[in-house]
Amino acid sequence: QGSQKRSNSTPETPRPKRAPSSRSPYGLFSPGSFSPSVTPSQKYSSRGGRGEVVASFGSVQGPAWSGRGGCAVKLFGCPEENLTRPYRFMFQKALDVREALAGRVEELGEVLRRHHGLDGFTSAALPAQEPVTVLGQISCDGNGKLNAKSVLLVGDREHSAGAQVLLDLSELPEYSLFPGQVVALEGTNSTGSRMVVSKLYEV
């Protein structure tokens with residue numbers, strides 16, 4: 001028997017790959033086998049009907065305002081807070097977002113203080129043997145779902161400088177919390193890192 005020569009494969013002369021068999025099981029379950037009548041899409045530059053409305057819900061198109069008795073739409077608030085020019089949503093800077101959130105926490109904290117008649121708030125990071133009242137936002141200790149063992153309080157900037165403290169909610173008869181919720185809590189924090197909550201003040 002004569003020796004069979006093996007073909008040399010180099011980058012200049014690559015070995016030809018075998019064509020896949022027509023009876024391959026992968027071909028039976030390919031997207032083309034389930035939708036053989038789909039026509040190939042046109043090139044993006046040659047598409048037609050750009051800007052055309054292809055589907056709509058309702059009979060009114062555009063912000064058409066109508067009413068009886070001469071009704072008119074007015075903007076409330078300071079003029080500098082109203083949008084007077086195009087605004088790119090979700091293009092804010094991180095520092096601006098932080099300032100807005102901190103200001104909102106302070107506003108809601110003042111509402112909580114006046115509504116429940118609280119004297120004031122203390123730092124959530126300082127150890128306290130006696131019950132104290134703190135202000136902050138509910139957070140989670142990880143990326144998982146919020147549960148009774150993973151609830152954190154991110155203190156406000158004015159009193160707690162954004163310090164985080166783990167919450168023990170075992171003494172509360174009932175509660176309903178969500179991440180980002182602004183609350184005022186009363187409890188003891190003997191170690192400075194874990195607060196046993198005895199009262200929950202909500203808006």
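For all residues, glycine too, the Cβ spot is worked out from N, Cα and C.
As recorded in TrEMBL:
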type     : residues : note
COMPBIAS : 1-12     : compositional bias 'Polar residues'
REGION   : 1-49     : region 'Disordered'
COMPBIAS : 32-45    : compositional bias 'Polar residues'
DOMAIN   : 98-202   : domain 'DNA polymerase alpha subunit B OB'
How does the model score the domain 'DNA polymerase alpha subunit B OB' (98-202) in terms of mean pLDDT?
90
Summarise the domain 'DNA polymerase alpha subunit B OB' (98-202) by DSSP state, stating how many residues are helix, strand and coil.
19 helix, 39 strand, 47 coil
